[in-house]
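Undergrad: Could you have a look at this structure, given as structure tokens, before my questions?
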Amino acid sequence: MTTQAPPSNLLPLNPEQLARLQAATTDFTPTQLAWVSGYFWGVLNQQSGAAVAAPAPAAEVPTITLISASQTGNARRVAEALRDDLLAAKLNVKLVNAGDYKFKQIAAEKLLVVVTSTQGEGEPPEEAVALHKFLFSKKAPKLDGTAFAVFGLGDTSYEFFCQSGKDFDNKLAELGAERLLDRVDADVEYQAAAAEWRARVVEALKARAPVAAPAQLATSGAVNDIHTSPYTKEAPLTATLSVNQKITGRNSEKDVRHIEIDLGDSGLRYQPGDALGVWYQNDPQLVKELVELLWLKGDEPVTVEGKTLPLSEALQWHFELTVNTATIVENYATLTRSESLLPLVGDKAQLQQYAAATPIVDMVRFSPAQLDAEALIGLLRPLTPRLYSIASSQAEVESEVHVTVGVVRYEIEGRARAGGASSFLADRVEEDGEVRVFIEHNDNFRLPANPETPVIMIGPGTGIAPFRAFMQQRAADGAQGKNWLFFGNPHFTEDFLYQVEWQSYVKEGLLTRIDLAWSRDQQQKIYVQDKLREQGPSCGAGSMTAPTFMSAATPIVWRRTWKTPYWK
């Protein structure tokens, strides 16, 4: 039997395709031809089914970019809470730390929210410096298609209150972006203002952005390296103070303590570069003195966060007594009509100068008045935890955390005064006593990921603390990178903090070089910044900007590509 192909005009194949098909199947048996026929029929059905099952492309849901610019963690906590609120509202949100934000993409942002604190003299947090600089440069793009909101955190006791928030808010508007809401500037007790602002932001964004599909929500709302722990500033761990050792000499003008805290089996984790938050109690003697100066008894009932407490208990546990502010001085002067303080009202510089030199209890002593308990509470700010740079690595100390505490001690007209948290740790918590703590993570202050990268560490005074942690970690990692430490204090014999440890690191070769500055051991005072100037060429001043000296509160790690002569 002869089989003829049908006319080409009835086939879905052109002559060339038909010829290739016939050539490919010339030696196929009938069974094989039947199998191939079924195979291609199955392929056809799979393709058709897939096409039918494929969902229609979803409408693009705009991402809300939420930037957290935090110095001590408060701004980050507000941003995290807002992220959770937005996700609960089924909005597509991405939370990113300011230091990780690719700021050149800002022109593409449609919905932008910034939560920022302020540090120093009205400067942005360290992690936001690059973004701030970019927005204030000629490279900043027009933002005509962007809508934004800003929440600023600050402290009214400082001159440049919430300046970073004001900067971001004004500059974004200047670049053409549209304000979703007016900026909010929050003081130390920011929680209520933040909660109200978050609710308003969610409603404003719901009106601008459609609800995201579940699949989109699953891939949005990602956070860059945000740490989670059951123990937080609001819910601290009750740990045990195990060691309290003075590490300055008998004749030192400074009282510096090495404090070790046992975290037990809490599982609390930290990294070198993080800080330890410490909740403290005011000195009962200070509370007693203040209460008596105001002709109060201490048992008067006052309301604190919805609870009724005796005045003395409220003052000891809930209010800041050791740091005065211009606002407190001004309000006290106005409330008491103090003849000595009223002339300061309206003069911001004089108010700040007086507050810096005069603790609250001495302000009351010098300008006595009679206040009721609620009026006193109304003057004061809520007690906030103190942060200390962590001076240990868990690679070495495991379930402990170490801090280096400079105890604040001074006199006002012969009366001894002390810092709230530092004297609490040094004087009022006995060994094996309880202390409430939490970890404040700082991803902007870390050892380099490459263990061969050399590091320069600059830490005068108690600013040496984080570098003790760094060296413990480098030792545990077997890091090959060279390490150079600059340290300074008044006297070699009295104030060389952790002297034996540094000398041991030098002997072992882990600490490649150490430069020391003793400001009072010779007629001409020598400080760490003088040592930095001396070593400018070795530190790479010829190839990069010379280092900026930073205070002990903000020690720096300076990394660079090394050259052998630097270590000679």
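Glycine residues also receive a Cβ, built from the backbone N, Cα and C atoms like all the rest.
Caution: TrEMBL annotation is automatic and unverified by curators.
These came from TrEMBL, pasted as-is:
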- 64-202: domain 'Flavodoxin-like' (DOMAIN)
- 70-75, 117-120, 153-162: FMN binding site (BINDING)
- 234-448: domain 'FAD-binding FR-type' (DOMAIN)
- THR322, ALA356, ARG386, LEU387, TYR388, SER389, THR404, VAL405, GLY406, TYR410, GLY419, GLY420, ALA421, SER422: FAD binding site (BINDING)
- SER519, ARG520, LYS525, ILE526, TYR527, VAL528, GLN529: NADP(+) binding site (BINDING)
Undergrad: Spatially, and counting Cα to Cα, which of the binding-site residues is closest to TYR388 (FAD binding site)? Options: GLY73, ASP155, PHE161, SER519, ILE526.
TA: GLY73
Undergrad: For LYS525 (NADP(+) binding site) and ALA421 (FAD binding site), determine the Cα separation and express it in whole Å.
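TA: Their Cα atoms are separated by 31 Å.
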Undergrad: C-alpha of GLY406 (FAD binding site) to C-alpha of PHE161 (FMN binding site): distance in Å?
TA: 27
Undergrad: Return the residues near TYR158 (FMN binding site) by Cβ distance under 8 Å, restricted to its own chain and a separation of at least 6 in sequence.
TA: THR118
Undergrad: Spatially, and counting Cα to Cα, which of the binding-site residues is closest to SER70 (FMN binding site)? Options: THR322, GLY419, ALA421, SER519.
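TA: For SER70 (FMN binding site), the closest Cα among THR322, GLY419, ALA421, SER519 is found at ALA421.
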Undergrad: Could you say which of the binding-site residues ARG386, ARG520, LYS525 has its Cβ with the most other Cβ atoms inside 10 Å?
TA: ARG386
Undergrad: How do the residues of the domain 'Flavodoxin-like' (64-202) split into helix, strand and coil according to DSSP?
TA: 58 helix, 31 strand, 50 coil
Undergrad: From the binding-site residues SER117, ASP155, PHE161, THR404, GLY419, pick the residue whose C-alpha lies nearest to the C-alpha of VAL528 (NADP(+) binding site).
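TA: For VAL528 (NADP(+) binding site), the closest Cα among SER117, ASP155, PHE161, THR404, GLY419 is found at THR404.
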